[in-house]
Amino acid sequence: MSSRKVHFVSLGCPKNRVDSEVMLGVARAAGFAHVDDAAEAEVIVVNTCGFIGEAKKESIDAIFEMAQHKEHGSCKRLVVAGCLSQRHPEELAREMPEVDHFLGSSDMLKLGRVLAGDAERMLVGNPAEWLIQAGDPRTLSTPGGSAYVKIAEGCNRTCSFCVIPDLRGAQRSRPIPDVVREVEQLAAAGVREINLISQDTIAYGRDAAGRSEGGARATLAQLVERVADVPGVRWVRLFYLYPETMTDDLVELLAGHPRVVPYVDMPLQHAADAMLRRMRRGHGGDRLRRVVSTLRERVPDLTFRTAFIVGHPGETDAEFEELCDFVRWAEFERVGVFRYSDEEASRSYELEGKVPARTAASRYRRLMTLQRRISHKKSAAMIGRELEVLVEGTSDEHEYVLMGRHAGQAPEIDGQVYLSGGEVRPGEMCRVRITQASDYDLVGELLDDEESGRGAGLPPAADLGAVTAKRRVALRVLQTDGRERQQN
């Protein structure tokens, strides 16, 4: 084992996690071993989130926490990367003399120069300079048999509240063959679930980078079908869809392809026409109702996850009530609610009618309470059903209880299925009968091979402990709500 050690802290979204995994791969290729304890590390890397005020604060707190190890630990070099340094490079460099190097949101591969000892302090480049490729080094940090795959970078939208285009640049789609090569590598290592992510997944292929050599435009449906056909892949899941163009062929894949899970992650942000105009979303509430109705009608057993913003400038009591009515009507399985963050670089920063923080907090609580009742009803309806579950590992609370997820539960955000009644390994797919339910989590009993029909169509599970021991590490992940998880 290498005597040179590195520790990573990753903040924010799954897209940032992939960037952290690339830097982990760069570090490993440079001869560094990853350690869970920051006090043991010669180099510490903090991959930051700079999307909203709360995320910026958590990133800054994490940086200062890690800086303590330069005084009291083994740390000789502290590196700050990601969206926060992309957004505020000069300010951070001035206010944080403890930091030795700054990398931006597209500078992951530059970590190699830092580790080699011949890099300048400021390495923040153009956010549109980099797009991940299958050949880039990467060390997985996700649990069990699951991995995220970035299919594009950047965004061309102009939503009022969002600064992502400034942080990540314009949309750049990966060619289908390159994405497929990466998925093939992951499947060969035992990964069963492929989670396709980008800033604007529905827009995949519309930019020049996504076109084939012949000039034909790649489509998201074409990509999804190719990924789902990779041997060893059991689930393909889509994140960050936009309610603009859900093509028939994409809906058909969600409805009928045996390896494309009937799961839609589509942040709708609001439902009132006036609010959607202020947010510059490009559609009204009627469009959203049509999209939801179409997906419910055409995709059997659909799980619909969405997100809303409350407290955006100009939001009235009546518009908030319209949003609540919409949520009651739609009965989404999963909803994330965010209080508006007034970011100076956003278009909404200049809008009048700022909503008091107390009002926004009250609306947040009301909408979450409403959705919690809906989610509990949806979870209770799962009792008695038999589901396919991807086993991820042992429960944090009970070492003798396994946990996993069914197709309607995305990694980290949608709850777990807690398992009893048998022995299975992380990365294995098994059949489970649900016996209990809470608002978000389920409890189930493993069915034996004969009862579940296991083995009739499911490939044998890879031993992830053996196959990916050299590629998978524990990554300290700080989510933007302040929760910390140790992912194995």
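Heads up, the Cβ atoms here are built off N, Cα and C, so glycines get one too.
Binding of [4Fe-4S] cluster 1 is attributed by Swiss-Prot to Cys13, Cys83, and the same site annotation extends, among Cys49, Cys75, to Cys49. Put plainly, the binding-site residues Cys49, Cys83, Cys155, Cys159 were compared by Cβ crowding within 10 Å, and the winner is Cys83. Least crowded of the binding-site residues (Cys13, Cys162), judged by neighbouring Cβ atoms within 10 Å of its own Cβ: Cys13. Compute the center of the Cβ atoms of Cys155, Cys159, Cys162, which mark the site for [4Fe-4S] cluster 2; besides them, the chain residues with Cβ within 8 Å of that center are Arg157, Thr158, Phe161, Val163, Ile164, Pro165, Gln199, Asp200. A straight line from the CA of Cys159 ([4Fe-4S] cluster 2 binding site) to the CA of Cys83 ([4Fe-4S] cluster 1 binding site) spans 18 Å. Recorded residues Cys83 ([4Fe-4S] cluster 1 binding site) and Cys162 ([4Fe-4S] cluster 2 binding site) have their alpha carbons 13 Å apart, per Cα-Cα distance. Under DSSP, Cys162 ([4Fe-4S] cluster 2 binding site) is assigned to coil, being neither helix nor strand in the three-state scheme.
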